[in-house]
Amino acid sequence: MLAPRGATFLLLHLALQPWLGAGAQATPQVFDLLPSASQRLNPSVLQPILTDPTLNELYVISTFKLQSKSSATIFGLYSSADHSKYFEFTVMGRLNKAILRYLKNDGRIHLVVFNNLQLADGRRHRLLLRLTNLHRGAGSVELFLDCTRVDSIHNLPRAFSGLAQSPEAVELRTFQRKAHDSLEELKLVVRGSLIQVASLQDCFLQQSEPLATTNTGDFNRQFLGQMSQLNQLLGEVKDLLRQQVKETSFLRNTIAECQACGPLSFQSPTPNTLMPVVPAASPTPPVRRCDSNPCFRGVRCTDTRDGFQCGPCPEGYTGNGIVCSDVDECRYHPCYPGVRCVNLAPGFRCDACPVGFTGPMMQGVGISFAKTNKQVCTDIDECRNGACVLNSICINTLGSYRCGPCKPGYIGDQMRGCKMERNCRDPELNPCSVNAQCIEERQGDVTCVCGVGWAGDGYICGKDVDIDSYPDEELPCSARNCKKDNCKYVPNSGQEDADRDGIGDACDDDADGDGILNEQDNCVLTHNVDQRNSDKDIFGDACDNCRNVLNNDQKDTDGDGKGDACDDDMDGDGIKNILDNCQKVPNSDQEDRDGDGVGDACDSCPEVSNPNQSDVDNDLVGDSCDTNQDSDGDGHQDSTDNCPTVINSAQLDTDKDGIGDECDDDDDNDGIPDLVPPGPDNCRLVPNPAQEDSNSDGVGDICEADFDQDQVIDRIDVCPENAEVTLTDFRAYQTVVLDPEGDAQIDPNWVVLNQGMEIVQTMNSDPGLAVGYTAFNGVDFEGTFHVNTQTDDDYAGFIFGYQDSSSFYVVMWKQTEQTYWQATPFRAVAEPGIQLKAVKSKTGPGEHLRNSLWHTGDTSDQVRLLWKDSRNVGWKDKVSYRWFLQHRPQVGYIRVRFYEGSELVADSGVTIDTTMRGGRLGVFCFSQENIIWSNLKYRCNDTIPEDFQEFQTQNFDRLDK
């Protein structure tokens, strides 16, 4: 028997030689992550390990137990500064899932989902997570559970590439223990092979497919073949050793009973009793006793007068007590159908119930036990555990489940979820308040917006006298716009309240609460009882950004709290003003292509020398390079227009190829044409050559909820198809003075509030504009107009389609009839009421344009009156009005409406004019102080309104007659 056994171990040694050599080349480095471990890894060591460029593979091993259906984050790496995630592994017991979250190099979180895992079932589990290709190639993740690989995912973004470089920036957090939960082991392993790491959990991996190789050279095809042979060989060795043990035991007992081996022989009158047989001519032999251990191990031995007597074989064995052989209980099928039965010596064990079933562990000894105790596996009803999204149909099947469509009354799918069906056209499905407008969004979602003169969340709306989107009284809802307006009769969409006394600054006589009324206070919004003012400008030291330099404009270009008048680096680009070729525009590179001493970043003619930067027409193009040749009339001269013959005032060029989207056949340059085959592109602005569309709704997966991928969802994006415009913002604006010369020149004083959504003009000034820098094609523009004084009765309004100071549309409102006090160059008479004018001035800013704007009517080569409110009613002091403008320059459509409270008081109807084919937005004032433009909103919109078609039909019918 020694020769076969020796040969077996010799063969085993030879087979293990390659494996032993490989193991010697890559010894695993193990770091314990548990708080209680004496060798716990210091968090400061984590960052150098994980960002080591030579490390292309790592392992995380853990042993834990979670209560049934519970969820827990087993381990994670986080930013010490803002607690954002770098790496996190979470078990979601109720969903039978595990999720790996990690930070990609673009700063976004990537999710890897492992499905159909029973990790939270009250049992102890061993988990091994293997990450490969950390620094080279496409990443991959393998998950091993209880020594079996359960999932592998490849072609993933690399992990740890976005990890902070500072060692102190990484924080390790481990399992937060709850009652009946335990975390026995949590280790980080680097280097070494998968087999070596698995052995740390007493796992000898059995896999149905070759292990994934890595780029480190740990394994090769030859080694994998050897490992496969080694698996087979070890199984054979195990069976051989078990058989040899049985044979050795049998031989020992046979020799003990053999008559030829000595003077004694035994015969057994009964199966369990040995009696000596004495030959006739021989002397009486000695009687054998129990002290010679004649019985099988564990069998009771009893000495009798005639010899020894062995008891029955132990449970799980069969024989005469001297020789006992293991019983194979698996032949009696004690395990659930399909579950592997493992025969033990003695006894048997059943593997865990199949995926989709649950049941207790099954283990026993003996034929009787195997016959009378069968493993019970009960189907798991995944539909009770939230396997499908809420409010969807879930169909439970034996060992599995299937998710169906949304339940009746709900819409959506398994990707987006099932939400209660809402429909603006069906009164029973319309969730909005009776005082709200119901809007159907691109994805079929419904949004509720309180109507004019009402405020709230859209589902609940309350009265809003000043039309600033805040209700007069508190509403029973949680949205910001449900809070009570802190200035009931003065629009203040930002609800600013410097002294936090519950009264908004817009209506608080002492806004800073220092006991000094605003009119006498040199710091209206800053508490300063002493009113100290070192430089004698109009701002006290407490709020003056240049305490020792007179600067009434308080201009602070770089927003560093130091006014431009006393800041030696106004734009904060690190270059002193005296050396900076763009003092108010950051340009650390100081590039100056035309060598005129003005940097390209602020040069109105970057390729033509113009050191004086003269721009007479205020179109942001210097006179030296301004041709005023604009073939399509969109406000951009042909030499700089990215679509010279196609109207596109916005100049959007998504793929930055120099061709505007309006004339580009492939806006995102992904090889899929926008409109023609093999298009149309289901994500026109985001590259997606594969055109994935999981729910077949015609919108690609990558741009499903954010069409332009500007990180602002379409529902709140003011321009969902323009990544450069996301929110209404007039904080950056251009001032345009329309009468720049005069003896009593007073320019407007503009104050911007509420993050660019509210503008206030405080001076009784000459005509002027505050114009935003964003240009639009089609646009909807709305806002609240309010004159917060009882002084004066002149013009206020807004502009659109601004191309230069001689070309724009203006909507202006005069309170009373009045003749302009300067009759030169002509007598101008203003009538009360709302007027819509097209300005196309040959002279530009000056007395001709000034008087033409004042005059109600057409003026040659200056202004055309497109529409006037026939009511001839002027605006009222301290009353709020809401305007809505629609402009579609591609067809010349213009319509403007005015509301007083919730009542429509003026409507221009459809007006057609193509003088300006798009442009910028802004506000207008002429000799009127204390004007508020509040709750401003603009939205890109090229959709032609339905009433345009009706207008065309009526006009054609008129022509036919």
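Each residue, glycine too, has its Cβ placed from N, Cα and C.
Record features, source Swiss-Prot:
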COMPBIAS  660-671  compositional bias 'Acidic residues'
DISULFID  CYS290-CYS301  disulfide bond
DISULFID  CYS330-CYS341  disulfide bond
DISULFID  CYS353-CYS377  disulfide bond
DISULFID  CYS388-CYS403  disulfide bond
DISULFID  CYS406-CYS418  disulfide bond
DISULFID  CYS432-CYS448  disulfide bond
DISULFID  CYS477-CYS482  disulfide bond
DISULFID  CYS487-CYS507  disulfide bond
DISULFID  CYS523-CYS543  disulfide bond
DISULFID  CYS582-CYS602  disulfide bond
DISULFID  CYS643-CYS663  disulfide bond
DISULFID  CYS719-CYS940  disulfide bond
DOMAIN    326-363  domain 'EGF-like 2'
DOMAIN    731-945  domain 'TSP C-terminal'
REPEAT    555-590  repeat 'TSP type-3 4'
Quiz item: With DSSP, how much of the repeat 'TSP type-3 4' (555-590) is helix, how much strand and how much coil, in residues?
Solution: 3 helix, 0 strand, 33 coil
Practice problem: May I ask which of the disulfide-bonded residues CYS377, CYS403, CYS582 is closest to CYS523 (disulfide bond) if we compare their C-alpha atoms? | Solution: CYS582
Quiz item: In Å, rounded, how far does the Cα of CYS341 (disulfide bond) sit from the Cα of CYS432 (disulfide bond)?
Solution: 62
Quiz item: Is the compositional bias 'Acidic residues' (660-671) packed against any residues at least 6 beyond its ends, judged by a Cβ distance under 8 Å, and which are they?
Solution: 641-643, 645-648, 651-654, 681, 683-689, 777
Quiz prompt | For the repeat 'TSP type-3 4' (555-590), distant same-chain residues with Cβ under 8 A (at least six beyond the ends) | solution = 544-546, 548-549, 597-603
Quiz item: What does DSSP give as the helix, strand and coil breakdown of the compositional bias 'Acidic residues' (660-671)?
Solution: 3 helix, 0 strand, 9 coil
Exercise. Would you please pick out, from the disulfide-bonded residues CYS377, CYS448, CYS602, the one with the fewest other Cβ atoms within 10 Å of its Cβ?
Key: CYS602
Practice problem: Out of the disulfide-bonded residues CYS377, CYS432, CYS507, give me the one sitting nearest to CYS482 (disulfide bond) by CA distance. | Solution: CYS432
Practice problem: Among CYS290, CYS448, CYS487, these being the disulfide-bonded residues, pick the one whose CA is nearest to that of CYS406 (disulfide bond). | Solution: CYS448
Self-check item: Cα distance (Å, whole number) from CYS388 (disulfide bond) to CYS301 (disulfide bond)
Solution: 63
Practice problem: State the count of C-beta atoms found within 10 angstroms of the C-beta of CYS353 (disulfide bond), not counting that atom itself. | Solution: 24
Self-check item: Residue among disulfide-bonded residues CYS330, CYS487, CYS582, CYS940 with Cα closest to the Cα of CYS353 (disulfide bond)
Solution: CYS330
Quiz item: Looking at the disulfide-bonded residues CYS330, CYS418, CYS477, which sits with the largest number of other Cβ atoms within 10 Å of its Cβ?
Solution: CYS418
Quiz item: To the nearest whole angstrom, what is the C-alpha distance linking CYS719 (disulfide bond) and CYS477 (disulfide bond)?
Solution: 28
Quiz item: Counting Cβ atoms within 10 Å across all protein chains shown, which of the disulfide-bonded residues CYS290, CYS432, CYS507, CYS940 comes out on top?
Solution: CYS432
